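Visitor: Pasting the feature list from Swiss-Prot:
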BINDING   75-88, 282-294  NAD(+) binding site
BINDING   Arg96, Arg106, Arg135, Asp224  substrate binding site
SITE      Tyr142  site 'Important for catalysis'
SITE      Lys192  site 'Important for catalysis'
BINDING   Asp224, Asp248, Asp252  Mg(2+) binding site
Amino acid sequence: MKKIAVLAGDGIGPEVMEQALKVLVAVQKKFGFELSFQHADVGGAAIDSHGVALPESTLTLCAESDAILFGSVGGPKWEHLPPAEQPERAALLPLRKHFDLFCNYRPARVFKSLTAACPLRADIIGDGFDILCVRELTSGIYFGTPKGREGAGEDEYAYDTMGYKRSEVRRIAHMAFAAARQRSGKVTSVDKANVLTTMVLWREVVLEVAKEYPDVKLNHIYVDNATMQLVRDPHQFDVMLCGNMFGDIISDEAAMLTGSMGLLASASLNTENFGLFEPAGGSAPDIAGQGIANPIAEILSAAMMLRYSLGYGEAADAIEAAVEKTLDRGICTADIAVDRSQAVNTAEMGDAIVAAL
């Protein structure tokens with residue numbers, strides 16, 4: 001039996017989590033494995049119940065589990081707190097640090113039935129596309145030292161440091177190539193090796209790792225060209241391997257091509273494939289409690305959990321196929337519906353996906 005730490009959190013988190021668990025219960029029955037769901041508070045809910053966004057009991061539960069299924073955290077209720085104590089910073093960042101979740105998988109898929117929601121022209125979209133951004137999360141310019149500000153007046157100077165160890169590049173490259181093996185077998189490494197010394201090392205190490213995956217095709221692209229090519233011809237990409245800052249930008253650009261944050265799943269993993277799986281969107285407090293949130297991102301995050309942390313790839317495929325089948329039938333929540341008067345609510349979308357399984 002696999003043990004799942006369920007951290008529903010705040011806002012729409014509990015609503016979409018309920019639907020994801022409904023789908024997981026159905027898929028475990030279908031495929032004959034067993035999951036144990038253990039719930040704990042996190043984020044604003046934990047501040048209210050325990051006084052901190054990440055209680056020790058929640059952290060202990062996560063450490064004793066095989067994976068973490070996360071909802072969302074944050075909301076206006078806790079915005080008066082110092083930034084370091086607010087749910088977003090005080091819950092997610094410590095979880096990532098504690099479990100060394102250095103690898104971020106961000107899929108961006110345009111389903112054939114939802115191509116109208118994509119901002120690109122129909123001739124560019126075709127029947128849709130499926131891109132996986134693999135982003136290094138714990139190093140690079142966001143974490144580099146020294147950083148600071150010196151001087152005064154017009155001579156004031158601010159600086160940051162970008163740097164990567166060979167080992168850090170190697171481990172994220174392995175994650176990208178391993179993911180590509182489960183997909184179409186193609187990696188595009190995004191760098192700026194023409195001007196940045198850090199990226200020269202990045203490219204060298206990626207080339208070394210590529211030799212261990214002769215069945216995976218490797219291309220290199222400069223980040224400025226990558227941002228253009230994503231909107232010019234997204235079909236050329238499958239797995240995009242990026243450093244922290246470039247991945248931050250590229251993954252958000254790719255995400256917006258899908259047409260809705262309610263479709264975007266995310267996984268953060270360590271070298272043991274232990275991971276935290278969550279929707280890429282936020283807690284959406286403006287619609288929380290109304291039963292209209294799109295649960296697909298949480299459901300697809302659960303599918304990623306099955307694939308990458310638990311080893312149930314066939315079950316993950318079944319969930320993703322059920323989501324696509326449901327959308328093909330024209331069943332949509334308000335955020336992706338062409339005719340909002342025909343939109344289903346959160347629970348109805350969950351029920352439809354279970355039925356499609």
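Every residue number used here counts from 1 along the chain in the order it is shown.
Including glycine, each Cβ sits where the backbone N, Cα and C put it.
Can you tell me where each of these features sits in the structure?
Guide: DSSP assigns Ala288 (NAD(+) binding site) to coil in the three-state reduction, outside any helix or strand. Residues near Ala288 (NAD(+) binding site) in space but far in sequence (CB under 8 A, at least 6 apart, same chain), listed by position: Asp10, Gly11, Ile12, Glu15, Gly75.
In the shown protein chains, 28 other C-beta atoms lie within 10 A of the C-beta of Arg135 (substrate binding site).
Tyr142 (site 'Important for catalysis'): 15 other CB atoms within 10 A of its CB, across all protein chains.
Cβ-based neighbour count (10 Å, all protein chains) for Lys192 (site 'Important for catalysis') stands at 19.
Asp252 (Mg(2+) binding site) falls within a helix when secondary structure is assigned with DSSP.
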Visitor: Which of the listed binding-site residues (Gly75, Pro87) has the least company, meaning the fewest other Cβ atoms within 10 Å of its Cβ?
Guide: Gly75
Visitor: A 10 Å Cβ contact count, applied to the binding-site residues Arg96, Arg106: which residue has the minimum?
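Guide: Result for the binding-site residues Arg96, Arg106: minimum number of other Cβ atoms within 10 Å at Arg96.
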Visitor: Of Arg96, Arg135, Lys192, Asp224, which recorded positions are close to Asp248 (Mg(2+) binding site), meaning a Cα within 10 Å of its Cα?
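Guide: Passing the 10 Å Cα cut: Arg135.
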Visitor: Which whole-number value in Å describes the distance between the Cα atoms of Asp224 (substrate binding site) and Lys192 (site 'Important for catalysis')?
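Guide: Cα to Cα, Asp224 (substrate binding site) and Lys192 (site 'Important for catalysis') are separated by 8 Å.
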Visitor: For Pro83 (NAD(+) binding site), which residues in the same chain are close in space, meaning a Cβ under 8 Å from its Cβ, but six or more apart along the sequence?
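Guide: Pro83 (NAD(+) binding site) has long-range Cβ partners Arg89.
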